[in-house]
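According to TrEMBL, the transmembrane segment annotation covers 27-46, 66-84, 93-111, 117-138, 150-168, 180-201, 259-277, 297-318, 330-351. The region 'Disordered' annotation in TrEMBL covers 225-249. Annotated compositional bias 'Polar residues' per TrEMBL: 236-246, in sequence order.
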Amino acid sequence: MEQAASVNADPAQRSDSNCSKWRNWTGFWLLGLCNNFAYVVMLSAAHDILKKQGSANATSPTPSPLTAVLLADILPTLIIKLSAPCVIHKLPYGFRVLFCALMAATSFLLVSFSSAMWMSILGVIFASISAGLGELSFLSLTVYFSRDVLSAWGSGTGGAGVAGAFLYSGLTQVGLSPQVTLQIMLVVPFAMLISYFFLLAPPPTLPQWREKQYAAVVSEERQQLMDDSEEEEQGESTPGNRSSGPLTPKEKLHVIRGLMRFVFPLGLVYFAEYFINQGLMELLYFPNVFLSHAEQYRWSVNLTGLLGGAAYVNTFYFISKESEDRHREFAMAAASVGDSLGIALAGLAAFPVHRYFCSL
């Protein structure tokens, strides 16, 4: 009789499972989109930010302000990615998401209402803090869900590179001012909160509002949700004291060495993309086309963003696929340094190059 009851319950259980998977996949896609949105918009708006402050114009760029915007957009993220993994587990996920949404909303307001360059740069820094902390948090969050949410997250972050630049370019091109466009973008932080608190269907083991020692629970929950039966069997055969304990420094170093073949190409792609956008494209202007100088710059960001987004999605897909279950959380967070490091190096390299060409 118990077996019959179980069989009768299967369709409903399968329906609930499919509904939860759909919610989680959509939720992580939206979180990836919202998390990187402010960061991308600040880069797309860089020319307009500087023009508003009188630091650049459509025909005579100054040697360094655009690169300053790039560094303000990436250095806080890079610092967070290098330091936060050691202590981020002490801050519950609910507080992290609220803080990220607050930082993103503040960045849009500061830049749209700024009356001085320092206010604009501060707004860009807030967007960088939001993106860096959010990326670490949401990549760590995936261990509570099935592995397919990793592809949703990667797709969403890649989509932000396209959607953010295209939306900003489109709204400004139809006649809206950059200030009004940035204020419209305030819907994005609210969408992040809705996606996390109402769309996701997290397991009860998730430490939402409290600090919790959850290493052993995470491994168990991940095995229950794993779609791949082979990975499930491997997880069950792993000794309990090994699967539940934190990674040792030696294990982390081993994981980092294995990630170099992913991190280096990803960093190289982002270095090339942002060096072109922030070091060279601002200096180029094609007078015999229907696009203005600012519009040419924004659409160049769109095109290079397509390449960068594709590289990001494929890199983290293969990392999630090839990493062991025990190492996956740390590997995803550690590899996220690759794109930020490439962008930071591009900003540093763009300074002397931009200066040189402006001095000719």
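Residue numbering: from 1, along the chain as shown.
Positions of Cβ are set from backbone N, Cα and C atoms, glycine also.
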Tertiary contacts of the transmembrane segment (117-138) (same chain, 6+ residues out, Cβ under 8 Å): 28, 31-32, 35-36, 38-39, 41-42, 49, 52-53, 55, 65, 68-69, 72-81, 84-85, 88, 93, 96-97, 99-101, 103-104, 106-111, 153, 157, 192, 333, 336, 340
Proximity of the transmembrane segment (27-46) to the transmembrane segment (330-351), 3+ C-beta pairs under 8 angstroms: no
Long-range neighbours of the transmembrane segment (259-277), counting only residues six or more past its ends (CB under 8 A): 43, 70, 74, 297, 300-301, 304-305, 307-308, 311-312, 315, 318-319, 331, 334-335, 337-339, 341-343, 345-347, 349-350, 353
Positions whose Cβ lies under 8 angstroms from the transmembrane segment (330-351), at least six residues beyond its ends: 64, 66-67, 70-71, 73-75, 77-78, 81-82, 85, 132, 135-136, 139-140, 142, 150, 247, 252, 255-256, 258-259, 262-264, 266-275, 278-279, 308, 312, 315-316, 319-320, 323
Residues of the parent chain within Cβ reach of the transmembrane segment (180-201), under 8 Å, 6 or more residues beyond its termini: 19-20, 23-24, 26-28, 30-31, 34-35, 37-38, 41, 45, 94, 97-98, 100-102, 104-105, 108-109, 111-112, 134, 167-168, 171-172
